[in-house]
Structure formats: structure tokens, C-alpha cells
């Protein structure tokens with residue numbers, strides 16, 4: 001049986017130095033997650049060792065390709081993949097319990113249109129995905145790093161957005177969502193100033209929640225407490 005700590009020791013989560021947008025928590029996979037991981041990683045898992053992939057070869061077809069960065073426990077990604085079998089989905093998550101949970105969902109639902117990386121999204125972008133291969137990139141509820149001294153750790157930064165841009169086809173969508181108002185304002189400021197992107201909202205500002213973005217249990221809980229959620233949808237113009 002695969003040992004999760006050994007997996008990330010022999011295949012480091014990131015090759016990048018400097019500020020990280022994530023902290024590796026010490027949580028361990030449950031027995032069910034470990035078993036799902038061991039049964040399914042060979043089929044659904046991707047790694048840096050695969051190098052620059054050809055999505056058409058990975059999925060055996062040339063369909064709409066989505067990338068979700070930081071899928072958490074994976075239920076929303078599984079919901080989207082199940083609801084859109086004609087689309088393909090690549091998920092990225094550094095926390096192995098989430099990877100195990102997603103693989104359990106993928107197996108139980110019989111999904112064939114999902115593949116998974118368990119490394120830093122920066123490495124996936126730089127080392128694994130060819131330019132202009134993605135139709136949509138989704139970053140839902142990333143860590144807001146709410147203390148001002150930690151804002152530099154926020155994933156959505158001008159340099160990161162430009163690297164995402166090159167992986168999107170022209171017309172492709174970058175969809176961001178957060179339940180932290182200050183981060184929403186930061187995202188809108190970054191995206192509005194980003195070369196090669198335009199807001200899908202003609203008047204600028206935030207977007208209504210698209211029907212195909214699942215509502216998470218945390219989002220439902222937040223809504224019941226009166227918390228807001230902000231969606232931003234920008235498309236690549238050039």
C-alpha cells in the first residue's frame with residue numbers, strides 16, 4: 001500500500017523556491033481514501049514525471065478541457081465532471097486526503113473524464129501543460145491569507161495570472177470565486193489590470209454565480225450566516 005508521506009518525499013510537492021500560496025497540513029488519509037488512492041492513482045494520477053502532456057492522448061479525445069486548482073476534498077470537481085461527461089477535467093490539489101477523497105468519488109461514480117495532479121499548481125502550469133490547451137481554469141475559494149503581512153502568499157497575483165493566460169486558448173475563461181470580500185477586491189483589481197484579459201461583465205465588477213459551479217457545504221453554511229460569495233469570470237483576449 002502506498003505511504004502518503006513517502007509519496008511526497010520521493011516526489012516533492014513543488015520545485016519552486018520562494019513564497020508559497022499553500023501550507024502542507026499534517027492530516028492523513030483515511031483508510032477508505034488510502035484504498036481509493038492505491039486502486040486508482042495509476043489510472044487517474046498524473047505527475048511531473050509525465051512531462052508536458054498532450055491532453056488528447058491523456059483523455060483519448062479532443063473535448064473542452066477544464067483545470068481546477070485547489071479542489072479541496074474533490075466533491076465539487078466530481079459533481080462538475082459527472083454533470084458534463086462531454087468535457088474533461090484536470091484537478092490539482094497538494095493535500096493527499098483531498099486527492100484520496102476525489103479518487104473515491106471518481107471510482108464510485110464511474111467517471112472517466114477526470115485526471116489528477118498532487119503537486120504545486122505552479123509546477124503543473126510551468127512543466128506539464130502546453131500553451132493554449134485549456135478552455136477554462138477554475139480557482140474556487142483559495143486560501144485568503146487574510147492577514148495583511150500574508151497577502152503576498154495569495155495565489156492570485158499578476159505574475160501567476162499571466163502564466164495562466166498562456167495556458168488558456170484565446171476566449172478561454174478564468175473563473176475565480178471567494179467568500180472573503182477583501183480577497184474578492186484584490187482579485188478584481190489584479191484581473192482588471194491584467195494584460196490579455198477582459199471581464200465577461202460588460203460593466204465590469206463581479207459575475208452572477210454560473211449554474212455549473214456547484215455550491216459547497218461551506219458556501220451553504222456561509223450563506224445561512226449572511227456571508228457573501230464573489231465570482232469573477234474573465235476571458236483571454238489575446
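Using the three backbone atoms N, Cα and C, a Cβ is placed for every residue, glycine included.
Per Swiss-Prot, the features are as follows:
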ACT_SITE  143  active site
BINDING   68, 93, 120, 143  S-adenosyl-L-methionine binding site
BINDING   147, 179, 216, 217, 218, 219  substrate binding site
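Note: the Cα of residue 68 (S-adenosyl-L-methionine binding site) and the Cα of residue 143 (active site) are spaced 14 Å from each other.
Under DSSP, residue 143 (active site) is assigned to coil, being neither helix nor strand in the three-state scheme. A straight line from the CA of residue 218 (substrate binding site) to the CA of residue 120 (S-adenosyl-L-methionine binding site) spans 24 Å. For the pair residue 216 (substrate binding site) and residue 143 (active site), the C-alpha distance works out to 15 angstrom. Every protein chain considered, the tally of other Cβ atoms within 10 Å of the Cβ of the residue listed as 'active site' stands at 16. Calculated from their C-alpha atoms, the gap between residue 217 (substrate binding site) and residue 93 (S-adenosyl-L-methionine binding site) amounts to 19 Å.
Put simply, of the recorded positions 93, 120, 143, the one whose Cα is nearest the Cα of residue 179 (substrate binding site) is 143.
Here the Cα atom of residue 93 (S-adenosyl-L-methionine binding site) is found 19 Å from that of residue 219 (substrate binding site). Sorting the binding-site residues 68, 120, 179, 219 by the number of other Cβ atoms within 10 Å puts 68 first. Looking at residue 219 (substrate binding site) and residue 143 (active site), their Cα atoms lie 14 Å from each other.
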